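Trainee: Got a structure for you, questions after.
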Amino acid sequence: MSKDVRQLLDKTYGGNPLSREEAKCLFASLVRGELDEVTIAALLMALKVRGETIDEISGAADAMREAANSFPRPALDGGILDIVGTGGDGFNTINISTTATFVAAAAGANVAKHGNRSVSSKSGSSDLLGQFGIELTMAPQTAANCLEALGICFLFAPHYHGGVKHAVPVRQKLATRTLFNVLGPLINPSHPDFMLLGVYSETLVRPIAEVLCALGVKRAMVVHGEGLDEVALHGTTQVCELRNGELVDYSLSPKDFGLEPVQVTELEGGSPEDNALITAAILKGEGKAAHRDAVALNAGCALYVAGLADTPQAGFKLAIDTLASGKAYEKLIGLAAMSQQDKA
């Protein structure tokens with residue numbers, strides 16, 4: 001451990017905020033494996049107890065983005081979109097954001113979905129996609145080929161962020177939320193231009209939008225929907241929208257989209273096998289209305305953020321029409337087939 005890193009740790013332990021560059025230095029040391037487990041635990045808890053600042057979150061994200069395995073981002077008209085949540089909201093819902101990515105892609109967006117295994121549900125994005133035969137550890141060039149040909153790819157977080165492994169045992173033993181809970185959505189190796197990002201707490205909505213602005217994201221909606229890290233079908237969603245470098249706070253309700261609220265229990269998921277059946281039904285234009293509407297709400301807001309709809313409501317209508325066409329399911333089948341090309 002260098003003298004500079006030791007001084008930064010002491011500064012953190014003293015309750016003093018770090019600059020963005022200082023936070024980057026500390027977390028670069030972490031992902032290089034230079035900090036032992038006790039030090040990592042002390043760092044994460046010192047930040048948690050005081051409360052992480054915008055600069056600290058941004059600096060940690062800078063370090064992890066810089067250390068990531070590179071993704072050969074293709075030159076695409078219209079930019080790249082990600083639909084992602086922090087997880088950790090405590091609800092075991094169906095895979096709303098993951099399912100919404102296929103709808104957005106079928107409606108014309110280029111979606112690079114960055115995900116991992118489950119945090120709060122029984123089935124995270126990679127758990128679900130594996131059920132459809134999608135090769136999670138596809139080579140970066142294969143993922144880029146999928147994005148260019150199909151308008152969608154999946155980037156499995158551990159495949160790109162090997163340095164995070166140094167914090168895994170500590171996070172498991174601490175068994176409490178830390179900075180790493182919000183870092184995942186911020187370190188997509190495709191560096192998306194547009195994001196619909198759900199957070200597990202309303203208090204994170206504006207701060208994370210400020211971080212996205214600092215990281216250079218062009219347009220985004222950061223959302224929290226009455227307990228869920230999604231746009232809510234069961235109640236009011238708090239939104240902070242990033243547009244042209246400015247942040248605007250507002251709320252959305254199901255009635256804004258011509259929908260009646262449902263009970264959150266109607267969105268409960270199950271095992272990866274159960275959720276795969278639900279996702280397939282939704283993408284084929286079948287299944288429960290509540291499932292369809294929850295996915296279309298999130299896909300619609302993402303299409304709005306990506307500039308493919310003038311309003312969230314117009315995005316919702318486009319998503320509903322896309323689901324009815326069955327084209328979203330075709331995207332899923334296409335990704336499953338193309339992701340396997342490394343094995344051919």
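Glycine too: its Cβ is placed from the backbone N, Cα and C atoms.
Below are the features listed in Swiss-Prot for this protein:
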- Gly85, Asn116: anthranilate 1 binding site (BINDING)
- Gly85, 88-89, Thr93, 95-98, 113-121, Ser125: 5-phospho-alpha-D-ribose 1-diphosphate binding site (BINDING)
- Ser97, Glu230: Mg(2+) 1 binding site (BINDING)
- Arg171: anthranilate 2 binding site (BINDING)
- Asp229, Glu230: Mg(2+) 2 binding site (BINDING)
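Each of the listed features needs to be described in terms of its position in the shown structure.
Mentor: Following the DSSP three-state reduction, the secondary structure of Asn116 (anthranilate 1 binding site) is coil. Taking the Cβ of Asn116 (anthranilate 1 binding site) as centre and 10 Å as the limit, one finds 20 other Cβ atoms among all the protein chains shown.
In the structure as shown, the Cβ atom of Glu230 (Mg(2+) 1 binding site) sits within 10 Å of 29 other Cβ atoms.
The number of other CB atoms found within 10 A of the CB of Arg171 (anthranilate 2 binding site), across every protein chain shown, is 17.
DSSP assigns Glu230 (Mg(2+) 1 binding site) to coil, not to a helix or a strand.
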Trainee: Can you tell which of the binding-site residues Gly85, Thr93, Asn116, Arg171 lies nearest to Glu230 (Mg(2+) 1 binding site) in space, using Cα positions?
Mentor: Gly85
Trainee: Going by DSSP, is Arg171 (anthranilate 2 binding site) part of a helix, a strand, or coil?
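Mentor: Looking at the DSSP assignment, Arg171 (anthranilate 2 binding site) belongs to a helix.
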Trainee: Give me the CA-CA distance between Gly85 (anthranilate 1 binding site) and Ser97 (5-phospho-alpha-D-ribose 1-diphosphate binding site), in Å, as a whole number.
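Mentor: Cα-Cα distance, Gly85 (anthranilate 1 binding site) to Ser97 (5-phospho-alpha-D-ribose 1-diphosphate binding site): 7 Å.
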Trainee: Within 10 Å of the Cβ of Ser97 (5-phospho-alpha-D-ribose 1-diphosphate binding site), how many other Cβ atoms are there?
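Mentor: Cβ-Cβ neighbours of Ser97 (5-phospho-alpha-D-ribose 1-diphosphate binding site) within 10 Å number 26.
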Trainee: Just to be sure I understand the packing, how many Cβ atoms besides its own are within 10 Å of the Cβ of His114 (5-phospho-alpha-D-ribose 1-diphosphate binding site)?
Mentor: 25
Trainee: How big is the gap, in Å, between the Cα of Asp229 (Mg(2+) 2 binding site) and that of Arg171 (anthranilate 2 binding site), rounded to a whole number?
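Mentor: Spelling it out, the Cα of Asp229 (Mg(2+) 2 binding site) and the Cα of Arg171 (anthranilate 2 binding site) are 20 Å apart.
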Trainee: Hey, does DSSP put Thr93 (5-phospho-alpha-D-ribose 1-diphosphate binding site) in a helix, a strand, or just coil?
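Mentor: The three-state answer is strand.
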